[in-house]
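Data first, discussion second: the structure below is written as structure tokens.
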Amino acid sequence: MVCFRLSPAPGSGLVLLCLVLGAVSSYALEVNVTDSEKATCLYAKWQMNFTIQYNTTSKNFKTATISDFSTATYNGSVCGNDQNNPKIVVQFGSGFSWTVKFTKKESAYLIDNISFSYNLSDNATFPDAKEKGILTVHDLVGFRIPLNNIFRCNSLSTLEKNGVVQYYWDVHVQAFVQNGTVSTKEFLCEKDKTSTTVVPTISTTTPSPTTTPTPKEKPEVGSYSVNNSNGTCLLATMGLQLNITHDKVASVININPNTTDFTGSCQPQTALLRLNSSNIKYLDFVFAVKNENRFYLKEVNVSMYLVNGSVFSIANNNLSYWDAPLGSSYMCNKEQTVSVSGAFQINTFDLRVQPFNVMEGKYSTAQDCSADDDNFLVPIAVGAALAGVLILVLLAYFIGLKRHHAGYEQF
């Protein structure tokens, strides 16, 4: 028997479903596999999503994001026996599936491998896909955990292969559960060992309808990069300041690059830079190519914990910032604001990015944002000059006309 629990963010309700799972994408998945005696033998609770790069019929690349597991089923999830190892199997969407297998070795168990299958024939998820059919990516994990320990990794973990990036966070899992009782002894991933947990602080006073955030000093500038098989493929240098409005309370958060991890991926038409820390699940910057000769910031996605323990999530895939020619970088030393939504803005300082065509791990010639200001002022100056000339011509005309009439009157 397998039961599944949906765990929403703190402060909201809890729904327990068996055999059928209904959820929205922000909910954690929770699986409790039991044996013939209804004793727990395999337990897991986690959050995940996927991004998939695919080729279109117009020979461009697009990115699909998979984060909705509302149609999930779990057929094939088993405790394991002498012939078969334990595994969790999740089916969702139209022909999508995800499987994680476990093995036992002496006094430990291993998260052995993970496989993810996706259906390019699903036109709703992959519009205009050139290829059709189901493709599968396999990743060997081999992570070793002592028996009778529950593995915990709240930090973001990623697997990347063949254009597919898998994201996992808030992971709790225990295979080969002993005596039907999930252990309270945690075995932490390395990222959780080094990260600092932010303890929520709750005000005892009632907030006003709207509050003004305390001004923050200029954030520290961080350097970020993404590598692929050809070397460095994305460079970014910037100070980041997040402006958040949640439940009519505004706050300002400076990102500390010294405690921020980064990862990402590079494709011919898109590039991703993802930041995460102890309180930021992910902050994604997605770049795209347009007109085959320029790049720009197309998308920003964020999910993070606020000081009251709630989760703040915003996504916008219809942006148009940081525009520059391919083969160059975009630079702006002055403060800029990326408006993701009415509730979320990012202030950038000393910005320089190059998401495509990085050569030898170095920035190419930069297009400065001041050029945008100059381009904007040039037509204004020309227009003003033309207007001035027109006024002078009209004045000369009327003065000449007046003198002409005065001459007739004297005659």
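All residue numbers here begin at 1 and follow the chain in the order shown.
Including glycine, each Cβ sits where the backbone N, Cα and C put it.
Copied from TrEMBL, the annotated features are:
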- 199-214: compositional bias 'Low complexity' (COMPBIAS)
- Cys153-Cys189: disulfide bond (DISULFID)
- Cys332-Cys369: disulfide bond (DISULFID)
- 32-177: domain 'Lysosome-associated membrane glycoprotein 2-like luminal' (DOMAIN)
- 219-358: domain 'Lysosome-associated membrane glycoprotein 2-like luminal' (DOMAIN)
- 378-408: domain 'Lysosome-associated membrane glycoprotein 2-like transmembrane' (DOMAIN)
- 199-223: region 'Disordered' (REGION)
- 1-28: signal peptide (SIGNAL)
Legend entry - C-beta crowding around Cys369 (disulfide bond), within 10 angstroms: 19
Legend entry - Cβ neighbour count within 10 Å of Cys153 (disulfide bond): 22
Inset, instruction - By Cβ count within 10 Å, point out the most packed of the disulfide-bonded residues listed: Cys189, Cys332. - result: Cys332
Legend entry - Between Cys153 (disulfide bond) and Cys369 (disulfide bond): CA-CA distance (Å): 40
Inset, instruction - Pull the DSSP breakdown for the domain 'Lysosome-associated membrane glycoprotein 2-like luminal' (219-358) and write it out as helix, strand, coil residue counts. - result: 3 helix, 98 strand, 39 coil
Inset, instruction - With DSSP as the yardstick, break the domain 'Lysosome-associated membrane glycoprotein 2-like luminal' (32-177) down into helix, strand and coil residue counts. - result: 0 helix, 91 strand, 55 coil
Inset, instruction - Report, in whole Å, the straight Cα-to-Cα distance of Cys189 (disulfide bond) from Cys332 (disulfide bond). - result: 38
